[in-house]
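K.L.:
Let me give you the structure first, and then I'll get to my questions.
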């Protein structure tokens, strides 16, 4: 059968008369024939058809007979067999063959003799292979999706033309889905007509065209629909189940450990230590809480899953040229990327500029991208650094595209310790790389020199203004003995005042008081590629390289005194509104300024989930956070792999992972506070589900007159909401996609920006825009917590949305993390404080809706409860020392029952850790580092967060833990120099006290037991074992206090001296010098 590209259009078939009559350019004759109900064909000429005028009646169906040509010869039986075996879609009129390798069986047929293709992807399979597939795993060998049995189909699975989907050419449902054109005049099924309607045959011609209203009036629309059904439908992503050999024992061990814990706690309660009831009671209470905390943390890990994506299928569906899209214009939805920064002193502009460059060079349709940087500090330094980055992007981005550079962060790329020529095929790569490296070095010099440049420029302009004022005063005859006061302004390069924050703050030019700024630094690109050339003025040859750049916008929202600006959440919401007016990408990817794109295809990886079947219910795609610059031993568990590869992967099997602040791709419509779409409800309200809906269609309580109350008074913002929802739908290229958009709907070029649109974007970032709206309460990022990320994700899950965890083979993003102990403790303090705020707010998972799944509710409940474990943990860490000092233990005696329980719980914990390492991919050393830092942070930051939260809730008092003294080294060549810097903070006090008391307790108890004849060793061994357990967990903390070798802080020597003096006094008391009365000294010394 001729391809669609070689077939005439519908209009040509309707009006074949033309300059050449019935002759085509090749000289072949097109003959029409009428098929009678008996199956016999009566040949008709063109004149007969034109005279009859009944083409739409009995002569509606016709065949095209092509005479034999050199490329259209009849095949022999042997050639037909070879053709059938070599191409899955090749078949003859006598029946198709199975597409399974090395199988020549015939396809299954129903009672009417029709070939049955059991899967929607139209993979052809015989009965024996079908039965084998059902017995093995129930998956179709073609698309790897489960087969649908007869009872699995419902009325919604029937194809509807209004949804933009064509009916399958064959299937098991012959009664409901057969068209009227397959039946003869008596109403019986006509096998001959079915032969000419099917598109799955190479052996017979097919010139049947559907009715006009199926495709529309334009023939190109028909091509769009037919192209989407030419190839078997395949999913863009798959779920990969954990091996049963790992997950089944893992779940069994969870149950076993849970049962053992119940029996152990029951035994502990029933057998108190009568000699030390206070010690026994504290230990039992702590152990009960630990068991409860372990259950909250472990139960959500019952259903971990892995996922995979197929970028080739994504490319075939959205980016491949076709007859209706000869230029190959992409049908992918737009993406707006947000980068947030606040202080150029703490967040160097060079780091932010490198992040922007990695975004501008990402592998995604250029016209679909828009990058927004939020400068919440309003600094001219950041503004000019972004301008420099936009200028350097004209060289860096084409270089990355030409040579397929990874990673596309210049600083990271030029710092790689590998051979740069590996996998590079162009001969001019080395020359181009050398030139770009030289330009990047100059770029860094310009960025690093911006502070001095801005200062010198401002001083010069301020001096000029001072001279002007002096001249004016002299002309007026004013006394010049008084000092002339000129406002120290910060000047831009065009000799105008910077409207943001000045270096010397003044009225309306301070961090909390400045005007809104929005600057489009790179305009929206054209929709078609713009190829470069070998111009002499260009640094590198860009021939056959697309030199377009995505739109890039600098935004600094307005800030005024008296307004609550809500920190990062407020800045993100300002970007949401501004981007809705300017670009309105249906998806938003937010990144911190130090998190750059490490995998240039990361956006495509996330889009595989959003554009897949069921993707309309996904609110966001969370990527794992990966970090650079961490010390090799990862002393303070900065990589946090147990959380990102363990907990988050397990949550992906429930309702989805948490939102963790960066590296997250949002559905814009979900950020607007709407519920997930319900196709069944929308089908009753509109005739076509492929049409854009109004906001009131998703929320019956939201009428047009109520839009300003929720979203503000911007008309363009309100108009953008249904457009973003429609463009974010999956592609409806299969009847199983019940809620989508037709193919080709997003190929239209973007409207150019005008002055009115930019002015509207400036108005929506004003400080008053959110007044009396639902921004921060229901719409956008949620306010009221320092961990606005977790709360925002919780609100979406609570409305019924689900999220997906996307782990790519090559890390999607990479960033930096604090490796200094004090900085790390303060980071954890902020997270824990946010969790305590969540627990005491209406965002507590106990108050969640019914749409929040049970295990997901437990996971969110654990988020608010885990800081309170610190209260019991710090008590339990003191228990070994108290036991050693008092000579008692948490049990009466170390009997066999206690030891068996303890051994069973420990073995279960170790086995669970090994299996968790297996399914999560976390290393055992990483798991142990996580356990160590859990105790360090639990006895310091978590405890401080609980105290701060309780004081805030009960008394309204906010306490902040700040640095009181600093000491550090001057080794700038060592990338890990910050690891050895000791910064004193009050958070260090509890772990230090715990460590000192346990060390002293071991020394005191050992000495007393050694020199006592009636004290059993069992009590000492029990207390010493638990003390060593505490000290082993605190080992990284002790190394952090030691600093670099040879640079030990003075306070460590003080502690060592105090410990040495204490031990010496104990030794004198226990073993007095010769000549003294041991009975008087040793006997009179009383231990507590």
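Backbone N, Cα and C atoms are what each Cβ position is placed from, and that goes for glycine too.
As the structure is a computational prediction, the values presented were derived from the model and not from experiment.
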K.L.:
Looking at 806-827, 828-849, 894-915, which one does TrEMBL call transmembrane segment?
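P.N.:
Based on what TrEMBL states, transmembrane segment spans 894-915.
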K.L.:
Between 277-296, 297-316, 317-336, I'd like to know which one TrEMBL lists as transmembrane segment.
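P.N.:
So the range that TrEMBL calls transmembrane segment is 277-296.
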K.L.:
Of 376, 568, 592, 789, which is closest to residue 340 (UDP-alpha-D-glucose binding site) if I measure between C-alpha atoms? They're all recorded positions.
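P.N.:
Closest by Cα: 592.
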K.L.:
Around the recorded UDP-alpha-D-glucose site, report the further residues of that chain (criterion: Cβ within 8 Å of the mean position of the Cβ atoms of 340, 346, 347, 376, 567; site residues excluded), sequence-ordered.
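P.N.:
Neighbours within 8 Å of the Cβ centroid, excluding 340, 346, 347, 376, 567: 341, 342, 343, 377, 568, 571, 593.
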K.L.:
Residues with Cβ closer than 8 Å to the Cβ of residue 789 (active site), same chain and 6+ apart in sequence?
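P.N.:
Sequence-distant Cβ neighbours: 658, 659, 660, 661, 664, 781.
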K.L.:
Ranking the binding-site residues 346, 567, 568 by other Cβ atoms within 10 Å, which is at the bottom?
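P.N.:
Across 346, 567, 568, these binding-site residues, the one with fewest Cβ atoms within 10 Å is 346.
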K.L.:
Hey, of 346, 567, 592, which of those binding-site residues are within 10 Å of residue 376 (active site), Cα to Cα?
P.N.:
567
K.L.:
Cα-Cα separation of residue 592 (Mn(2+) binding site) and residue 346 (UDP-alpha-D-glucose binding site), in Å?
P.N.:
13
K.L.:
347, 376, 592: which of these recorded positions has the sparsest Cβ neighbourhood within 10 Å?
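P.N.:
Output over recorded positions 347, 376, 592: least Cβ neighbours within 10 Å is 347.
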K.L.:
Of all the Cα pairs drawn from 340, 346, 347, 376, 567, the residues the record ties to UDP-alpha-D-glucose, which distance is largest, in Å?
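P.N.:
Roughly 16 Å, rounded to the nearest whole number.
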